[in-house]
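Heads up: the structure comes next, in structure tokens.
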Amino acid sequence: MCKHFAEAPGSSVDFTKGREVLPKNVKAVHYDLTLEPNFETFKYGGKVIIDLDVIDDTTSISLNTLELDIHSTKVFSGSTEITSSPEIHYNEDTQTTKVSFNEVLPAGSEARLEQTFTGTLNDNMAGFYRSSYKGSDGSTKYLATTQMEPTDARRAFPCFDEPALKSEFTITLVADKALTCLSNMDVASEKEVSGGKKAVTFNKTPLMSTYLLAFIVGELKVIETNAFRVPVRVFATPDRDIEHGRFSLELAAKTLEFYEKKFNSEFPLPKMDMVAIPDFSAGAMENWGLITYRVVDLLLDEKVSGASTKQRVAEVVQHELAHQWFGNLVTMDFWDGLWLNEGFATWMSWYSCNAFYPEWKVWQGYVTDNLQSALSLDSLRSSHPIEVPVKRADEINQIFDAISYSKGSCVLRMISKYIGEETFMEGVRRYLKKHAYGNTQTEDLWAALSDASGKDVEKVMDIWTKNVGFPVVTVTENKDSIHVKQNRFLRTSDVKPEEDKTLYPVLLALRTKDGINEDLTLTEREANFKVKDLDFFKLNADHSGVYRTSYTPERLQKLGQAAKNGLLSVEDRAGMIADAGALAASGYQKTSGILSLLQGFKSEPEFVVWDEIISRIGSVRGAWVFEDETTKDALKSFQLDLIKDKAHELGWSFKDTDGHLEQQFKSMLFGSAGLAGDEKIKAAAFDMLEKFKAGDRTAIHPNIRSSVYAIGLSFADQKYYDLILNEYRTAGTSDERNTAMRVLGRAKSPELIKRTLTFPLSDEVKSQDIYLPLGGLRTHKEGIVALWSWVKENWDELEKKLPPGLTMLGSVVSICTSSFTSKEQMQDIEGFFAKKSTKGFDQSLAQSLDAVKAKAQWVERDGKDVKTWLAENKYL
Ligand code: BES
Ligand code: ZN
């Protein structure tokens with residue numbers, strides 16, 4: 001059926017062109033690596049012995065190193081050391097050390113490279129680095145840990161640091177006897193060495209990529225389970241209650257068993273360790289057999305954390321475990337295939353969550369979560385294709401974004417629905433079996449899925465992964481048919497003809513009273529399709545397709561009615577609202593249209609749909625944040641009017657018998673109505689705050705803690721500021737502390753804004769948490785302006801503290817710029833960065849600017865329309 005799909009226009013791109021990679025004259029087959037961290041000097045000594053196969057006659061070996069001090073280099077041909085002393089040349093730009101010598105290592109022979117070196121246990125959360133926590137006596141304690149992905153293994157030791165250059169590794173760690181030493185494998189031997197220390201040697205790893213290596217040295221507590229075939233353990237520093245790792249521990253054991261069955265592939269390592277690291281740049285990292293986590297993403301105290309925190313922990317654990325097969329056992333060939341790793345792990349964590357917690361209905365939430373993040377970023381001109389050529393190390397970090405994760409998982413969800421979930425899993429099994437311990441390209445996954453399904457998957461999917469953007473499908477109606485037309489969708493709605501050439505195979509999934517017709521595909525620019533009964537129809541049933549649908553205003557109204565009549569699924573209702581909101585924001589429809597649509601949803605019973613409703617009102621209010629106060633107040637009244645009945649109906653007391661979704665539902669409506677000024681909720685929140693202040697720690701339920709704080713700060717400014725700040729300073733868990741720091745910025749008075757802005761760069765806030773105090777400030781215009789001034793004033797320090805190699809500088813830039821809404825503000829941002837290096841965050845910056853531009857146009861276009869609607873509906 002797919003024979004008429006056009007060739008993907010992007011398919012002729014040569015991804016390898018201009019790629020900075022190592023020469024292929026030698027191939028590492030085994031590393032013997034010894035490391036000895038020193039917690040006084042924050043240096044570590046290292047020795048690496050690399051066994052090499054010589055591929056071509058050669059007189060040099062090039063490998064990656066970064067900020068390493070190399071003391072000695074020896075080259076052996078066979079077992080004989082070469083006589084001339086090798087010359088060392090470092091290329092800073094490509095982060096490579098070239099070892100040159102006079103003798104020729106002949107093709108087909110074996111060789112060995114030995115180097116001794118010193119590295120720094122840095123505090124930048126990259127390579128082999130130090131992380132700190134408070135000891136029981138109040139002193140600062142350290143552990144040494146690693147973060148290699150994507151290109152920082154070279155910062156830890158000299159290596160051939162590319163995902164396709166798989167090798168085996170034998171790791172030895174030298175440390176004080178009292179410290180725990182961990183690596184990817186289990187311990188092979190332990191012996192005493194000089195200075196009363198121990199040398200712990202781990203068993204040889206299977207063939208693996210450098211970015212998945214991990215070593216940890218520190219004082220750690222542990223819990224263990226034997227519920228799985230091999231031991232599973234959770235580790236944390238002594239300042240934590242290790243019992244908070246119980247939930248993740250048990251979930252991990254269950255998940256490993258589930259994946260082994262689903263993938264029909266045994267977990268190949270002898271153990272699975274998961275460690276909570278106090279300083280961690282990402283959320284978690286899938287190192288083979290030794291997964292590292294940010295504390296909040298592994299440890300959970302159900303007594304003080306809400307339902308959404310629990311779901312996040314479950315998601316992260318299941319995501320990293322999925323990588324143990326998808327990513328670790330079978331690895332992308334190069335970083336432009338990153339989406340294979342991240343898109344799949346994302347999809348798989350939803351699949352697995354759905355299997356373990358069906359009552360969470362996570363696939364419903366998928367539509368408001370991953371699908372919207374994907375469509376949102378991908379509606380910007382500065383987005384990129386799922387498969388994007390990356391050449392240099394500093395480009396790689398920037399593609400760990402909503403395109404690789406969310407859009408990647410969306411296209412997998414799309415194809416899994418198209419060929420059927422069972423067939424999809426069968427394809428995945430074949431893929432894992434065929435490529436175990438190897439490297440793949442996207443085509444290899446499509447081939448396995450084609451093999452399993454008998455359909456030409458590559459032909460359908462190539463277009464989706466090789467091109468930027470997605471279509472908006474415009475539907476008009478004739479007597480007994482619908483007319484559909486596809487065009488590229490841009491949030492700035494200024495699509496140029498040359499940007500609108502890709503024709504996607506759009507799976508129309510037409511829902512009518514007779515059910516869903518899965519066979520209709522729009523492959524051309526436009527087409528007509530017969531529909532028996534035009535009284536009710538909707539495209540993109542359950543929003544499995546990666547596109548938006550634009551209906552006529554009359555049809556949209558009818559769909560609103562259909563929603564009330566129970567003709568649409570939860571996914572349909574949420575997705576339809578999201579589409580309407582996005583289309584209004586970009587000028588394809590009028591904003592008054594979405595406001596009217598939302599008004600019809602007052603009686604909506606489902607959490608996920610309300611989540612989307614609230615987020616769409618939030619987008620309007622966000623774009624209008626610099627407009628006059630009367631209009632802003634009117635929008636706020638509209639929000640309150642829309643949600644208050646439901647909020648009061650659900651209430652804000654929590655019982656143990658409340659379902660997972662019910663808890664989140666109550667908590668969301670409580671916060672949203674309260675912040676929109678609901679008097680009853682405000683009074684309840686103040687009451688809780690007073691009790692809390694008086695020492696009753698149970699006065700505020702974890703599910704609404706963040707909202708109660710936010711209400712306190714928004715409506716009483718300084719009254720509870722110190723109370724909440726004190727929570728940050730003293731609360732028992734990271735989740736409680738983060739909740740406090742995240743809301744502080746809600747306080748709007750100039751003095752408090754100033755105070756909040758002292759935190760991000762202070763010693764009180766770890767670099768990993770720099771975004772926490774910034775968040776609250778984005779919720780009001782005073783804060784938005786202050787954030788940007790703060791960035792300008794502190795730029796040099798920010799750059800120093802957040803090296804461009806990490807994703808964090810990009811996040812800070814995006815947090816501090818993307819809330820603006822006018823062209824003048826855009827120019828200010830552009831002007832500032834014109835004189836700066838934007839290396840490592842040029843993508844986030846461009847995306848922020850695009851987003852601002854879209855909002856500026858939106859307000860300009862629909863300012864009057866919104867005012868008229870608000871007046872007609874008595875909000876103004
Ligand atoms: N492989 C990533 C971690 C990573 C991210 C390394 C960015 C280098 C740069 C890991 O599997 C991951 O995706 N972690 C996510 C959590 C996940 C549940 C989405 C994260 O860190 O947020
Ligand atoms: Zn991942």
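Even glycines carry a Cβ here, placed using N, Cα and C.
As annotated by TrEMBL, active site, proton acceptor applies to Glu320. Secondary structure from DSSP puts Glu320 (active site, proton acceptor) in a helix.
As annotated by TrEMBL, domain 'Aminopeptidase N-like N-terminal' applies to 29-212.
The feature domain 'Peptidase M1 membrane alanine aminopeptidase' is assigned by TrEMBL to 247-464.
Summarising the annotation, TrEMBL assigns domain 'ERAP1-like C-terminal' to 536-853.
Look at TrEMBL and you will find Tyr405 tagged as site 'Transition state stabilizer'. Annotation note: Tyr405 (site 'Transition state stabilizer') sits in a helical segment as assigned by DSSP.
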> Over all shown protein chains, what is the count of other CB atoms within 10 A of the CB belonging to Tyr405 (site 'Transition state stabilizer')?
Replying inline: 23
> Which number gives the other C-beta atoms within 10 angstroms of the C-beta of Glu320 (active site, proton acceptor), all protein chains shown included?
Replying inline: 26
> Quick one: Cα separation, Glu320 (active site, proton acceptor) versus Tyr405 (site 'Transition state stabilizer'), in Å?
Replying inline: 13
